[in-house]
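Asks: According to Swiss-Prot, the feature compositional bias 'Basic and acidic residues' maps to 895-906. The feature domain 'USP' is assigned by Swiss-Prot to 89-421. Under the heading domain 'DUSP 3', Swiss-Prot lists 711-824. What Swiss-Prot lists as domain 'Ubiquitin-like' is 929-1009, and the listing cites sequence analysis. Among the features that Swiss-Prot reports, N6-acetyllysine is placed at K956. Under the heading region 'Disordered', Swiss-Prot lists 612-640, 879-919.
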Amino acid sequence: MAPRLQLEKAAWRWAETVRPEEVSQEHIETAYRIWLEPCIRGVCRRNCKGNPNCLVGIGEHIWLGEIDENSFHNIDDPNCERRKKNSFVGLTNLGATCYVNTFLQVWFLNLELRQALYLCPSTCSDYMLGDGIQEEKDYEPQTICEHLQYLFALLQNSNRRYIDPSGFVKALGLDTGQQQDAQEFSKLFMSLLEDTLSKQKNPDVRNIVQQQFCGEYAYVTVCNQCGRESKLLSKFYELELNIQGHKQLTDCISEFLKEEKLEGDNRYFCENCQSKQNATRKIRLLSLPCTLNLQLMRFVFDRQTGHKKKLNTYIGFSEILDMEPYVEHKGGSYVYELSAVLIHRGVSAYSGHYIAHVKDPQSGEWYKFNDEDIEKMEGKKLQLGIEEDLAEPSKSQTRKPKCGKGTHCSRNAYMLVYRLQTQEKPNTTVQVPAFLQELVDRDNSKFEEWCIEMAEMRKQSVDKGKAKHEEVKELYQRLPAGAEPYEFVSLEWLQKWLDESTPTKPIDNHACLCSHDKLHPDKISIMKRISEYAADIFYSRYGGGPRLTVKALCKECVVERCRILRLKNQLNEDYKTVNNLLKAAVKGSDGFWVGKSSLRSWRQLALEQLDEQDGDAEQSNGKMNGSTLNKDESKEERKEEEELNFNEDILCPHGELCISENERRLVSKEAWSKLQQYFPKAPEFPSYKECCSQCKILEREGEENEALHKMIANEQKTSLPNLFQDKNRPCLSNWPEDTDVLYIVSQFFVEEWRKFVRKPTRCSPVSSVGNSALLCPHGGLMFTFASMTKEDSKLIALIWPSEWQMIQKLFVVDHVIKITRIEVGDVNPSETQYISEPKLCPECREGLLCQQQRDLREYTQATIYVHKVVDNKKVMKDSAPELNVSSSETEEDKEEAKPDGEKDPDFNQSNGGTKRQKISHQNYIAYQKQVIRRSMRHRKVRGEKALLVSANQTLKELKIQIMHAFSVAPFDQNLSIDGKILSDDCATLGTLGVIPESVILLKADEPIADYAAMDDVMQVCMPEEGFKGTGLLGH
C-alpha cells in the first residue's frame, strides 16, 4: 500500500478540477477512501493507517491458529509455591536479611536445639478454645523462644515452599534494609537465647545452649623465672580463627593455640616473684562442645583505609576434623564431622549475599539454602565449586588449590560448623507439639485455600480466553465489508478488542465526529470500515456509539475542504505572481506600504487563515499539496510575528504609520490588490500617507536629549580626562609629594560616571556624588588609612584637589571626604600623620569588621573551587611555598606534567578542538589572587570544579561531594588550602577557614585495586552502629 501522504493526496486529487458546487456522492466516497483495495495478510507487513479497508496488523496474529492455554492468564501455577516432597522449606529475604536466614536454617537442622525449644512453655494456650484455636484471632508469639518455636514448626511441617520470618526479625528490631555483620549476629543471638532459656525450669531446655555450643579453654601463663603457672578459665561458643597468612584450617587452629612470649614492656607480673618477669602465655582447650563453631575472620579492620575489608584467602578444610591433638585431656572422643558451611558472596565487607550449605543430620545429604530457594546436592558430597566461581575476579587473586578426597577449600566461607561424631544415630523423631502443629495446620489450610482460589482464577481466565479466541476467529473473518453495507469503527478500539491484556470497553466514536455530528474526513486515517454484520455483534456485546453508517459521510465537510484546497492551489499561483511583482520598481505614487516582516510570511499567514476556516489547522502542518514552505522562515521569526496580523508590524503605538522606513517596503498597486484578497481587513497605507505626527514629535525630543547627553559627556570627559582614562591616579601607600590633601569618592560613582561618558545615548547621566555609602550612621568614616591601602581600596577612588574643584562644579556632592597629610615635629620632622575628615568611627568600624568575619564564617550555599593536582612535586610546592627556590619550573617538570594531565579524566576538556594552555600549579595560588583583583568573577581553570557548600558542614561531608565530582574516594583525598593541610574530618568548614570563593587543592592517592570498594564508600562513611537499638542488645 502507498504511504499515508500519497493516499491522502489521491483521495483529494479530484478537488483540483471539481468546483465545490459540483461535488457528488462519488467524490465524497473517494474522499473517505471507501473503495481502496483491502490489504492481504502476508503481503502487508503492518497496518496501513491511511486505508480504512486494511485490517491487517491490528493484533489479530495472536488469535489466528492454536493458542497455548497458559497465554490466557498471568497467574503462576500455585503448586509452584508448594513444598516438594522430602525437601526443606525456605525463608523469605526481607531486603538484606539473608544473613539471618542462613543461621536460622543451621539452627533448625540442629535436632537437639529444635527438640529443646519445642519443650518450652508457650502462651499459645491463651489462644486455645476447647480443642481448637480461635479462628478470629491470629497467633502472635510474645518471646524470642516462641518466635523460634513457631518458625521451626513451619520449617518442619509447612506445605509452603518458603515462609516469611518477618515476625522474628521484627521482634529483634532488625533493620531489614541494612546488611549486618553475620558473625556478630550469631554471637549476640546465642547470648540472648541462652539468657532467655536460663529462666526455664526444665534442665534439658535451660542448659541446651551450653550443652550444644559451649566449650571451655584456659589462658595459661608460665613465669620464666620461677615456673609458676596461672590459669584463667573462660567459656566459648565459637573459636575465632585468624586466616591471614594461612592456607589450612589446622594452621589457623595451631596459631590460635600458639604460645606467646611476654617480654619487654609486655612482661607479666608474677605474684610468686612479686615483680614483672618474662613469661609465656597460650590457650589450652579444656573441653569441646557437641557443635563446634569455627569463625573464620574474613572481615578485618584495615589500618590504611580505616575501614573493614574482606580477606579473599583460600582456606582448606576437611570433612573430618580430629581435635584430639589440640585438647589438654587426651583419650576422649574428639572427632568431628562437618555439618555446615556458611558462605559470603562478594568481594566487599559492606555488601554481598549470604548462603549456607547444611548437611541433613537424618539422611546425610547436603543442601544449599539460598533464602527462598533450596537446592539438594547430587550424591552425598559437599559441592562448593559453583559458589567459588561466583566471586568477582581480581588480578591479585591466587589460583584455587587442589583439594584431596574429603577436603574442600573456599575463599568465601566465613563459618564452619562441625558436629561431634557419635556411635548413636541422631534422633529422627523430633515431634512438633500439638499446639504448634495446630497452628501449622491452620496456616496450611490458608495456603490450600489460596491455592484453590488461584487455580479457580486460572481456570476462569482460561475459559474466558477460549471464548474470546472463538469470538475473534469467527468475527475477524467477517470484518471486511466489501460491497455490502458497512460502518466505521475506530482502529484504537479494534486493537484493544484484540488485546488480551486489557478489558474491552464500549465503542466510543465521539472523538471522530465533525461539527455536523458526522464522521470527520480527516479522522478516516484512524478509522476502519467493517461489515454491518460485525458491527451489529460488536454493539450488541459491548455497546457504545454513535454508529457511523454510510449516512455518516459528511458532504458539508467535503465541500468545504474542496473549497479550501482550491484556494490553496490559487494561493500557490498568487505567491509566484506577488514575488514577480515585488521584483519590479514602484513608479509614481501608486504604491502601498507593507511591513517587511509581513511580506516574508504572508503566505504562511494566509495558510493559517484557510486552516482556521477548515477547522483543523494541524492537518496542514505547514504543507500545501505536498509542497513545503520556504526554509528561510525560521522558527524564531515566526515566534515573534505569530501574534501580529498582516501589515500590523508597521503600526505605531498610536495606530498610525510608523516612522521607521527600515521596517516597511513600497509595493505596487497590483501586488497590494493580490495581498488584499487574502487580508481584506489589513491596515492600508498608500505611499502618500504621512507618518504618525506624535511619533515625529517624540523622535525630535529624543534626538535633542541624545545631543544634550553627548554634549554633557564630552564636557565632563574634557574636564576630567585622567579620571575617565584611569591615568595618573594618586596612591595612599605612595603619597604624592606635590599635595598634602586628597579627596575620596565612592568607586561606584566613578564606574557609573564612566559608563555614561562612554555611552551617553544609552546610559543616564550622573548628577550627584553619593559619599554617604562610605560613612556610618553617625557621620564617621568606616575605613582606616591602612584598610584603604589594602582590602578596602576597591571601594574608594582617590581624587586630586584640581579634580575635586571640577567635580564640585559638575555634580552635587552630599558629603566631602578628604585625607590630609601633616608633618609632626619642629626640627627635622621624622613622623607623618594622615588625618581624615570626617574622622574614623571606631565603634562602627569594629562592627563592620565583626560582620565581615561573621559573613565569612557563617554562610550557606556558597561557592568554593576544588582544583585537582596530578603531580606530587607540585602539590608540595603549593602546600609549602617557602620550599620553592625558583619561580619557574624546569623543562623536565614541564615534560612530566603533560602526560599526567592527559591521563587524568578531569583534565581532558576540549575547547573547540584546540588544547587549552595549562596553568602552572606552582603559580596557581598567585594566579587566583591576580584573577580576583582583575575581576570579581572567579575564572575556572582546567582540573577545577565548583561546589556549593555551607559553613556548618563537616570536612567529611565535603569529601563526599568531592568524591561525586572527581570519582576519588574520601580516604584517597589529600586536601589543602593556602598551604594548610585539611585533615580533621569532624571539623566544620567554617572552623577550618574555608570561606566563599576559596580554592582547595586536591591530591588523589593511587586508586585501590578493589574497584568495588567505591560502591561502598557511602556506606563506609556512615557511622557504623551495628546492632545498636535492636533486641539483641536488650533494647
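For all residues, glycine too, the Cβ spot is worked out from N, Cα and C.
Note that this is a predicted model, so its numbers are computed, not measured.
Help me see these features in their spatial surroundings.
Replies: Confidence for the domain 'USP' (89-421), expressed as mean pLDDT, is 86.
Within 10 Å of the C-beta atom of K956 (N6-acetyllysine) sit 13 other C-beta atoms, taking all shown protein chains into account.
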Asks: Tally of helix, strand and coil residues over the domain 'Ubiquitin-like' (929-1009) according to DSSP?
Replies: 21 helix, 22 strand, 38 coil
Asks: As a quick check of your reading of DSSP, tell me how many residues in the domain 'DUSP 3' (711-824) are helical, how many are strand and how many are coil.
Replies: 47 helix, 23 strand, 44 coil
